[in-house]
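Lifted from Swiss-Prot, the feature list:
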BINDING   Lys20, Ser220, Gly221, Gly222, Met223, Tyr224, Ser225, Lys226  ATP binding site
BINDING   Ser59, Asp146, Asn158  substrate binding site
DOMAIN    285-362  domain 'PUA'
Amino acid sequence: MDWQTERGQVLDSARRVVIKVGSAVLTSGNGLDVGVVDNLVAQIADLHGRGVDVVLVSSGAVSAGRAVLRRCCEIKGMPHKQAASAVGQSRLMHYYDEAFGRHGIISAQILLTKDDLRSRHRFLNARNTFAALMDWHAVPIVNENDTVAVRELEFGDNDSLASLLLNVVDADLFINLTSAGGVYADNPDTNPDARVMECIENVHGLNLDVMCGGKTAVGSGGMYSKLLAARRAAQLGVPTLILPGRKPDAMLRAFAGDEPGTWVRPEKKTVSARKFWLAYHADPTGSVVVDDGAVKALEAGKSLLPAGIIGVEGGFGRGALVRVTSAAGAVVAVGLSNYPAADLRRIMGHRTAELTAILGDNQYPEAIHRDNMLMDAVV
């Protein structure tokens, strides 16, 4: 199937959509751009009327708070940013609530940190909450809980949060609204002739550092993070549509076939929801370095055995999420380690038959089982 046919079929059949909108779309120099917000809400109401469930991931709290506080307070450092978020979040939600109310739609606020999705029990609670809200035909409005999040509990940006929610709500489409017209084939800041790519066939094959100038250059929430989120969505089998968020009715025009944006195709071989959760529920706490033979075995679908390990980095415990890297430093996979780092250092390079003599009875033959590993993880 060609991508145009795929896109048309998905847009016609989509029944659950995660829409992400960032601060660059929602705000102007004077704070919240109410015209943009009103148009966004009107488009979501239109989709709602067609029977499409929508989860809205919305940034803008910090920017809205800054607009209120700038006359009296200087905002600098993380505590001030978190305080500005507290001021802005209530104003942002108040406006959303009124805007959706004008269309007869109930909105609901959900604030999350990584810790809320790290525990399988809390992950399932979150899933049930979203399901109940959508059964009531409400629109969940999600943001990272900036006020309480610390570095190790941050999603990093709302693009990452939105990609993880695809798995929570079983979405069949991811729409990412940006201040650009879509994804450019080259950096438009340095190449004025750069054009928007209407389709990305293989998002994993893109060199993001070249296209986006690297993560540092574009900053949190730039095109770099949007394409990383699209990579995760593609692994889950969910296509991504990147659209110009400040352009009036861009989503409705896209559903009508009149607004191209950039369509990111999903992978043909997708990962299970469980593996997706295992790989992305937490940040890796260490690394296991493997030889070329082990890399080939993993690519063939095998588990990682201690014999293929040539190095261990970090001080993680049993069951921790770790990176699997090649000798050259490339990330091959992430997975849950059957052994703490100290034990892995003792058994690395040894054959399975030797493990009992080194560590005692009842040892796992695998350092990381293939069922607990995700290849080509986006970390």
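Glycine too: its Cβ is placed from the backbone N, Cα and C atoms.
Swiss-Prot feature annotations superimposed on the structure.
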residue	record	DSSP (3 states)
Lys20	ATP binding site	strand
Ser59	substrate binding site	coil
Asn158	substrate binding site	helix
Gly222	ATP binding site	coil
Alpha-carbon spacing, Gly222 (ATP binding site) to Ser59 (substrate binding site), which is rounded to whole Å: 13
Met223, Tyr224, Lys226 screened against Asn158 (substrate binding site), Cα within 10 Å - retained binding-site residues: Lys226
Whole-number Å value for how far Lys20 (ATP binding site) lies from Ser59 (substrate binding site) (Cα to Cα): 8
Neighbourhood of Lys20 (ATP binding site) by C-beta distance under 8 A, where only residues 6 or more apart in the same chain count: Leu56, Val57, Ser58, Asn158, Asp159, Ala162, Phe174, Ile175, Asn176, Leu177, Ala229
Average model confidence [pLDDT] within the domain 'PUA' (285-362): 96
DSSP-assigned states of the domain 'PUA' (285-362) in counts, ordered helix, strand, coil: 26 helix, 22 strand, 30 coil
